[in-house]
């Protein structure tokens, strides 16, 4: 007899998503020249914002980040890692390995990878948690998308930019594809965990392909 | 014996408001040159945002848009209608009637009518639902105003504009008038449905008059 | 035998915070040249926004501002006081005393004092209410910070500015210090009320010192 794997899905993917999403938020803060507190706040808001929106809308209160210490810890850890990589002097002396990593990976690439991984992880965790709360497949998939893009939207609004999800790049669609994979395969319990990883990978891959190939959903000229 | 009409009031006016509000959001997206996904996202956020804020604040969770499929369907329908009217080529060929409608009605007029109708419908539905949840008249009317202006505020923030409700035009006042009509006449059950339509019409009319006559609530120079 | 003082802490400090926070919001509205309705809306959103965020996240719904009339009354009162002080003509004739106050206290000083007092009051009320709802010390202190900075963040986003909490000034840290004082001394019931005032004063003092001495949390150049 197997223990049901489904209930753990949301938490594992939530924590992974918080790591990558907070890293993306911290990188945005560094790019915008924010100070130490600003970077930490932006990282936390980006990492935790999507999940908070989802928890509020499905009625999972107090929201998970207030009852499970690993949520805040993940956000803090990711922000600290970015700060150390971007500002190796924080440790008091330069660390050659960190310096090398930083020279190899441009800020924009690090951001893109973290942001795409966020889409994948949160599309899975958001949909799975909404299903656990009894929502139907379509609304649950919508909650997956909200979790996936929510933190980034709040981040962009705070630094006074029009959110990526509204601009000329395929962003919400990969999240929706991943969310629908989780939503429609949720009955297949034993395979669910494996399928969740596939869904996250598909989402992340689609997003990276959309950026690399400059895929748009342009409207015909009116 | 009559079935109590009150419980249905919120849903009917919510759905009407979502149709007009999502249309206003989609028109904003078209004006801002967003792509297909951006227009759909902005339409959904505008149409559903005010009701979500209200549902969260009065404790009606999971929020209505997640449990009643007609909410998402209305938002999608309105966005699709705007996209077809603005981009008749989406259907693959020009439709003469749609072209004629589009030439007759400027974008700004269509937006103004949709936005004013939104104020009226949501002022009614927001107040009525808050009363159903046991709120007193003043807080219920406030929820009517929040429902009416909430989606538009989120829309304006996302496209990086200062929300209309803060700028030099009478916007929140018509919504408050409509909300107070619903709040104070709610006891009169048999007449409630008719009065709700009156309240929505008064709100919409006041808003259109405010724009046409350039009514302000200007402060005296300090 | 003493009646337990703790349950009243959140409300007293919430109301004090709403007075100062709504005043700060109204002053921002005046500075931005908003009209009468715009100033009132911005004052209400600033004064009530942080508490609403906290109430939603800890699951205290319907939110306090909808069930306790003093919340709305405090916000309205503070906004009216600012409008009368800034526009003495609203009363129909100039009031010499009000004129004198206005000449003595520059807009920016009035804003800074109101905003710092807000940080102190809301850091206390937010943390105390979260503890009442059973949260652990760290998440409760985080709710104190969210209550303290939340309304100001929404205010700044609405008028299209990057929120102070992200910019180059120590803002969240004083709130966190005050919140942690409340969180860690909460066991000492009889002394809790006095300690709450100390925590609010420390928060406000730290914030004022940070502005006066231009304290930053600057990152080393990468």
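Each Cβ is built from the backbone N, Cα and C atoms, and glycine gets one as well.
Annotation comment: TrEMBL describes B:12-85 (among others) as domain 'Glycine transporter'.
Residues or ranges marked as domain 'Glycine transporter' by TrEMBL: B:113-182 (among others).
Remote same-chain residues near the transmembrane segment (B:6-27) are listed as 39-40, 42-48, 50-51, 64, 68, 70-71, 74-79, 81-83, 86, 107, 110-111, 114-115, 117-118, 121-122, 124-126, 128-129, 132, 147-148, 151-152, 155, 186, 189, 192-193, 196, 200 (criterion: CB distance under 8 Å, separation of at least six residues from the stretch ends). Sequence annotations record features per position, and here TrEMBL assigns transmembrane segment to B:6-27 (among others).
If you look at the transmembrane segment (B:34-53), the same-chain residues 6 or more away from its ends with a CB under 8 A from one of its CBs are 14, 17-19, 21-26, 28, 63-65, 71-72, 74-76, 78-79, 82-83, 122, 125-126, 146-155, 158-159. What TrEMBL records for B:34-53 (among others) is transmembrane segment.
Under the heading transmembrane segment, TrEMBL lists B:73-92 (among others).
Summarising the annotation, TrEMBL assigns transmembrane segment to B:104-125 (among others).
Taken from TrEMBL, the feature transmembrane segment applies to B:137-158 (among others).
Within the chain, the transmembrane segment (B:170-188) has long-range Cβ neighbours (under 8 A, six or more residues past its boundaries) at 6, 116, 119-120, 122-124, 126-128, 131, 137-138, 140-145, 148-149, 164, 195-196, 198-200, 202-207, 210, 215-217. The transmembrane segment annotation in TrEMBL covers B:170-188 (among others).
The transmembrane segment annotation in TrEMBL covers B:194-210 (among others). Within the same chain, residues 9, 13, 112-113, 115-117, 119-121, 123-124, 128, 148, 169-171, 173-175, 177-179, 181-182, 185, 188 sit at least 6 positions outside the transmembrane segment (B:194-210) and bring their C-beta atoms closer than 8 Å to a C-beta of that stretch.
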Tertiary contacts of the transmembrane segment (B:104-125), as residues 6+ beyond its ends and Cβ separation under 8 Å: 9-14, 16-17, 20-21, 23-24, 27-28, 30-31, 50-51, 86, 144-145, 147-149, 151-152, 171, 174-176, 178-179, 182, 196, 199-204, 207-208, 211
Residues in the domain 'Glycine transporter' (B:12-85) grouped by DSSP into helix, strand and remaining coil: 64 helix, 0 strand, 10 coil
Confidence summary for the domain 'Glycine transporter' (B:113-182), mean pLDDT rounded: 92
